[in-house]
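Participant: Take this structure, written in structure tokens, and hold onto it; I'll ask about it next.
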Amino acid sequence: MIESENPNTLDEPVIQTILRDLKMIGFKLYHVILPRGNAANVLRDWDLWGPLILCLVMAIFLSISAEEQKALEFTIVFVVVWCGAAIVTVNGQLLCGNISFFQSVCILGYCIFPLTIATIIIWIIQNFTMIVKLPIVGGAWFWSSFASYGFLGSSVPESRRLLAVYPVLLFYLVIAWLVVVQ
């Protein structure tokens with residue numbers, strides 16, 4: 001059998017597949033940390049592993065910090081993130097967006113990374129007052145919103161851009177509020 005330059009991924013070892021996926025997750029997180037206007041490479045290869053991991057980490061930390069009904073807190077965070085991303089994506093599609101459903105959900109999911117970091121920071125130092133929590137989470141909300149605008153802002157016609165961005169801001173605001181009230 002002749003080895004090709006691009007082997008079939010079904011033939012590669014599991015560890016190689018996991019490392020390749022982790023590398024792609026890191027690449028996408030890098031673009032969220034340092035948002036740039038050119039997001040074509042990030043949007044081309046969408047995945048849902050990174051958003052799932054970020055959502056699970058956020059939901060776990062918020063449910064751990066809940067005093068009562070930890071399972072309910074986990075469920076609320078998980079449902080708000082995924083249903084909210086789906087609703088915002090459908091809104092973008094209805095406004096003649098030019099990216100696919102899963103590309104948009106992928107980007108919205110990766111852009112919760114700053115809010116996930118804020119959740120972990122607030123969980124580590126649990127005695128934060130609201131005065132300290134608000135700037136941390138507010139900065140994470142702005143960062144998430146700014147990063148997602150860099151990806152999704154150009155996918156909608158300019159005349160409808162505000163109609164597409166406003167629900168994204170609300171989506172991240174709801175998630176930020178869940179982090180603040182933990």
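Placed from the backbone N, Cα and C atoms, the Cβ positions cover glycine too.
Here the structure is a predicted model, which means the values were calculated and not measured.
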Participant: Are T17 and P157 on the same side of the membrane in Swiss-Prot?
Facilitator: yes
Participant: Would you call the transmembrane segment (46-66) and the transmembrane segment (134-154) in contact, using three or more Cβ pairs under 8 Å, pairs 6 or more apart in sequence?
Facilitator: no
Participant: Which one of these stretches, 105-125, 134-154, 162-182, has the most C-beta pairs shorter than 8 Å to the transmembrane segment (71-91)?
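Facilitator: The stretch I would name here is 162-182.
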